[in-house]
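Some features that TrEMBL has for this protein:
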- B:His18, B:Ser63, B:Ser64, B:Leu65, B:Asn95, B:Leu96, B:Val97, B:Val98, B:Gly99: adenosylcob(III)alamin binding site (BINDING)
- B:5-143: domain 'B12-binding' (DOMAIN)
Amino acid sequence: MDRPALPPTDRAAERAAERPSVARPDDHAPTLAIGLDIGSTFTKGALFRLGPGDPCLLRRAATPTTTAHLPDGAGTVIRHLLDLPPAWTWEDLPRTSLPSSVGAGDGQTSDEVRPLPPIHFTSSAKGGLRVAVVGLVPELSVQIGRLVAWSAGARLTGTYSYRLTDSALAEIEQTRPDIVLWCGGTDGGHERSGRENAQRLARSSYDGTLIYAGNALLADEVRQTLAHKRLVVTANVMPEFGRFNGEPAREAIRTIFLQTIVQGKGLDRLAALTGTEPVPTPRAMFDLVGAIADHCPDWREFIAIDLGGATTDVYSCAPAFRGGEGLRLRGLVEPERKRSVEGDLGLRISASALAAVLAGDDVPVTTVGLPPVTPTALAAWVERVGAHPETLPASPEEEAADAWLAAGCIRHALRRHAGRLEPVWLPEGQVWVQTGKDLRPVPRLVLTGGYPAAHPRLPLFELAEPAARRAPELLVPQAPRCFVDHLYLWPLLGPLVARFPAAAARLAVASLTAVPAVASCPDVPHTATTDKESHPCEILSDSL
Amino acid sequence: MNTPPINIVLGVIGFDCHSVGNKILEAFFTEQGFKVTNLGVMVSQEEFLQAAIETGAKAILVSSLYGHGEIDCVGLREKCREQGLDDILLYVGGNLVVGKTPFEQVEAKFKAMGYDRVFGPDCDLATVARLLREDLAARQRAD
Ligand code: B12
């Protein structure tokens, strides 16, 4: 702050002039802001009033994603949010000012020309950000690579350890991830597999981007061997044994997302006109979860579960290990902020994979408050929704099948995200060895996603992990208070964290609804009478 | 040009929680110029191996103090071979057996398990460091 600001160079000034006039964030006045999420099927958006005081939601809109050219759908949503005339398109952004009907009462006079609010957006279109992880030891560098990729908002297409085999390489060539995040070896540590993998990757036909984030001693050699490939070299994700250093690789993933993945389908043009950079949708969610832990005093420790049709994502903010008499941590100390993604746990596209996981469960298919689901009914439902993801339950049995699958996603996603305890008998008595994160005391759990939003009163956590059956060796939360993102705002607040971290975090928490305690729950989940997503454009006219 | 330090891995094997000697060994070998990855107490064979692989360690120094050394230490050499750590040095030391077995017998037993050198509780650490350097140099010449 004490250095004098340099005058802008001519080129910077030129670039600034090309940008639309957007409101600058202001610490003192309330600010309007738009969050957009360009998903694979729907493009959604919301207009918020942020800044100090009580942030609130003003309007929402959604439209089917225009997959051939993404800005068209985004433009439709912006047009609805800002009350712009029907002929308006996103290409008019630089020439548009804010209509007087929008966000009135902010102290401006109505004839003042007001700039458009800042527009921040995320994208999971084109299948999201697909990353393969190549590392050395599965429990060490491979696991760190997974955690880094997940926290960058990626979906993993595969993980590979030690030396890349022919079949592993063939799999990478065939699945063509956007990025191969390649690590292994501490700095000055293991070299042989890294060297061999460099040569094997050099010969492969893989043509995406390689990020090398392993043993720094090999970096020059890797650059030489892979000179003909798209390669980014960053600092080691594990420079010393057990030490995490995820940020440089995360930043590399973000840059590659912007430079290569966002190109095409018009996202780069939209970014140029809004003056903001798109973020992968799950990375925005990760940033939102972190901002909540930073800015909301009661929310320093919590878990969020994003329940989707294809994946279930778990985010935790909590220390991994809390120590205690007779407790010892084995293996990596996992990071306080962690995201995991389960590609086989989802309510629609992944329903059949999920059913296979649930088939091995020790929890019976009937449980509190739901009509029994017979295995045949469940199988029929799974087959239908897998083939037709837009299917909605039409009977109490189908409602129950859907609820059962949702609970199954939560159960397994949480169990895989959380750590475990193993009893050990020593000469002086029993002790426990912990691996992974101890989430038992985490006091709050948030469910977000289309399904929880449509069933905010359903005790999904209780269905997933009935208190009576909770196994002591699983380090899942013991008695969290459960909340639902019933307006499904979190994906739209995520992109705004980059600019308004505190206000976005406060609004994210304020917009939650508490799940009633089990005793007061309805016996049967109420039938979803409206599918929010089936309306091409839903406009809510005012705040929460 | 200065050569990068040699990586070694240190830890107390099995369910042994005697931590004092382990701290002394870490401080000593660090001061001697080694890059020490100290896994602390209650270390499983798998953890030794994983750490040795990632750090590219040239030697693993195993401690056992509580009397179960024989059971805990057996099989580590075989696991190393299985994981491709073919020429890693394995040293073991501490209170390796219960009772009054003569040291020569103890040494023979652990050498048969594949440990390169075996030390008792009152070994001289300076001698250990000298032997370690000689053994490492011999390994390098063999390469
Ligand atoms: C303090 C102590 C404890 C403390 C440990 C506290 C702690 N955080 O460390 C407590 C009370 C917890 C404890 C518990 C037990 N203890 Co105790 N403990 C001792 C004691 C008194 C001192 C150990 C010590 O710190 N020594 C000082 C350090 C510097 O020396 P050191 O550990 O030997 O390490 C040096 C050398 O051995 C060598 N070295 C060690 N490893 C290696 C490896 C290599 C490669 C090399 C080159 C050298 C090397 O270098 C080290 C540094 O100089 C010893 C007796 C003794 N005087 O040694 C018994 C002793 C080790 N304990 C013993 C026993 C039996 C136990 C228990 C099983 C008792 C019980 N039934 O509950 C438990 C086991 C708990 C467990 N799961 O591990 C026995 C072991 C018998 C045996 N091996 O034959 C001993 C020898 C006492 C005895 N005479 O019976 N113990």
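Each residue's number is its place along the chain shown, starting with 1.
Each residue, glycine too, has its Cβ placed from N, Cα and C.
Cβ packing within 10 Å was compared across the binding-site residues B:His18, B:Ser64, B:Val97, B:Gly99, and the lowest neighbour count falls to B:Gly99. The record assigns B:His18, B:Ser63, B:Ser64, B:Leu65, B:Asn95, B:Leu96, B:Val97, B:Val98, B:Gly99 to the adenosylcob(III)alamin binding site, and the maximum Cα to Cα distance across that set is 18 Å. For B:Asn95 (adenosylcob(III)alamin binding site), the same-chain residues 6+ apart in sequence whose C-beta sits under 8 angstroms from its C-beta are B:Ser64, B:Leu65, B:Tyr66, B:Gly67, B:Gly69, B:Gly120, B:Pro121. Within the set of binding-site residues B:His18, B:Ser64, B:Asn95, B:Gly99, B:His18, B:Asn95 have a CB atom less than 6 Å from some atom of ligand 1.
Secondary structure at B:Val97 (adenosylcob(III)alamin binding site), as computed by DSSP, is coil. Residues of the domain 'B12-binding' (B:5-143) grouped by DSSP class, helix first, strand second and coil last, total 63 helix, 27 strand, 49 coil.
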